[in-house]
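Copied over from TrEMBL:
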{"type": "TRANSMEM", "residues": "21-41", "note": "transmembrane segment"}
{"type": "TRANSMEM", "residues": "53-73", "note": "transmembrane segment"}
{"type": "TRANSMEM", "residues": "116-135", "note": "transmembrane segment"}
{"type": "TRANSMEM", "residues": "141-165", "note": "transmembrane segment"}
{"type": "TRANSMEM", "residues": "177-197", "note": "transmembrane segment"}
{"type": "TRANSMEM", "residues": "235-257", "note": "transmembrane segment"}
{"type": "TRANSMEM", "residues": "317-342", "note": "transmembrane segment"}
{"type": "TRANSMEM", "residues": "373-394", "note": "transmembrane segment"}
{"type": "TRANSMEM", "residues": "406-424", "note": "transmembrane segment"}
{"type": "TRANSMEM", "residues": "436-458", "note": "transmembrane segment"}
{"type": "TRANSMEM", "residues": "464-485", "note": "transmembrane segment"}
{"type": "TRANSMEM", "residues": "497-517", "note": "transmembrane segment"}
Amino acid sequence: MLHNNPIFIRFCRSNLRVKKAIFWYLLTTITCAFTVAIIYVPQVVRDRDPMDAARAAILPMMIIQGIILLFMGTGSVATGITREKVDNVLNYQRLTPLPIPQKILGYLFGLPVREYVLFGITLPFMAFVLIVGKVSPTAFLPYYLILFTSTLLYHFTGMVAGMISKKWRWSARISQGLIILLYFALPQLSHLGLVFMEFLTVRPVFAENILPVIGPSENIRMDEFGLLAGQDVPFFTLMISGTLFSFMIQSLLIILFATIIARKWKADSVPAINKPMAMITFSAFAIMSLANIWPNLTRSENAIRIFQSDGTLPQAAAVAGLPLILALVTTLLAFVLMVSALPDPQQFRLGRIRAKRQNLNQLPRWDDEANGYTLTTLLFLVQTTLVGIALFTVHRSGYFDGLNSHPFMGLILIGTTGLCLFYFQGLKESFGGGQLGLFALLHWLVPILGAILITAISNGFNPAALFVASLSPIILILLSVTQLIPSEELNEHALTVQRALGFGILLLTVLTLGLHAKLRRDRKDD
């Protein structure tokens, strides 16, 4: 437990010294007292109901608590764990007999211990506004449950960023940037069908439990907190409470991050994610994506308002938009997982040496140093299943009725994304992770910029711009989805689009085969 955890006790003694922390104690106390006083007292003096006046202070106090725990606490975890790594303290801790879970808990709660104390300072003020505001425990307890799981999730994110990063300043910025991304960018993907992204934050739970209490008095709109704010969440044919769904999503991510940290704790040189973890994470993402949009695909009464619809998808969005979003996002997620899970040339050579020492013909397929063909194939099969189910469910629901198109045209989209996955695998295993940024710049970004330049010079549509853009794998995925759209809707450009798509697929196929041929030759020479 924490009370006899030497790592936790060490951080308590260093971070909670009065001389070191008195400024933050006073700042938090003064800020909370001023916030409650400036909101509550003037309204009571003007003869407003004390209950309404107290409820008006709930949201500002919760914002203060969120800044302390989520933003400041995550920064403390990320910078602290990186300093420990740079100073070789982590290497010392690896040699101690304390079990790894105890070490992780010691750092997880010890590094942000000052922020937990600051949060404790806010509690009397929050208790005052909750009691005077007559807020039921059934309203604020679910919120604080998810606030706690969100805090653990973000602090684990900070630990992962700190253990991967080599510079402590960068680790803090990365982790705090991820929080901003989680709160303001990823929830916007819910409007494109990735609804579960909203539930990585406390916003939906706040809207479900706290907003009904303070909303009427503060004139706060429900839709400002998310697409499903205050509503149950569809999961295939079931409807799940937003609080329960948030707890489920965040718990799964906490388990993933805890597993990553445990791996890095055993040896700093191992990849953050191994092949089974990558496969499980990708499959879970696919299931969650499909489960949330299932009512839309089947035209159920529980359909959610994605693509600015009332629940029934616009025909173009159902036929082309949704498969495109699923294909693009899963491809990008696969890239992120493959960066860590696939071996670079040096790791593969070390794996071969280890296999020879153990008198093995080859390493097990799921070993960290083994080649990534099995993982890439399985990722492609999961992606194919996801996009295929979406297309044929849309077809059965009648979205293709009246269109000169068929879901079998989605095979072009599926094949293109598969090419991208195997191309990326060839890059990673041939050149290593350090060169991926260069290839992304030259092969993925430069063709897009070139196409934009040609279009600007031509002052209109230019077939050459489309052919240049098709050199980028990302644009190639966008072009492949056009085959699900009736050719008459593309007007006179349909043939040009098809030719550019064919040119891009041919070139990517040649590059992929060339990469894997080079990879096989290099490994044979070793």
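Residue numbering: from 1, along the chain as shown.
From the backbone N, Cα and C atoms, a Cβ is placed for every residue, glycine too.
Whatever TrEMBL says is automated annotation, not expert-curated.
Not measured: the values here are computed from a predicted model.
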Worksheet item: Can you name the far-off residues of the same chain, 6+ from the ends of the transmembrane segment (317-342), with a Cβ under 8 Å from a Cβ of it?
Response: 189, 192-194, 271-275, 277-278, 281-282, 285-286, 289, 293, 296-297, 306-307, 309, 372, 375-376, 379, 382-383, 386-387, 390-391, 394, 397, 399-400, 403, 405, 410, 413-414, 417, 420-421, 424-425, 428-429, 433, 436, 474, 477-478, 481-482, 484-485
Worksheet item: Between the transmembrane segment (53-73) and the transmembrane segment (235-257), do 3 or more CB pairs sit under 8 angstroms, pairs being 6 or more residues apart?
Response: no
Response to the item:
Near the transmembrane segment (21-41) in space but 6 or more residues beyond its ends, with Cβ under 8 Å, are 15, 50, 53-54, 56-57, 60-61, 64, 68, 114, 117-118, 121-122, 125, 128-129, 132
Discussion item. So if I exclude everything within five residues of the ends of the transmembrane segment (141-165), which remaining residues of that chain have a CB under 8 angstroms from its CBs? That is, six or more out.
Written reply: 62, 65-66, 69-70, 73-82, 85, 90, 104, 107-108, 111-112, 171-172, 174-175, 178-179, 182, 200-202, 205-206, 208-210, 243, 246-247, 250-251, 253-254, 257-258, 260-261, 264-265, 268, 272
Discussion item. Same chain only, please: residues at least 6 beyond the ends of the transmembrane segment (53-73) with a C-beta under 8 Å from a C-beta of the stretch. Say none if there are none.
Written reply: 28, 31-32, 35-36, 39-40, 43-44, 112, 115-116, 118-119, 122, 125-126, 128-133, 135, 143, 147, 150-151, 154-155, 158, 176, 179, 202, 206, 210, 213-214, 217-218, 220
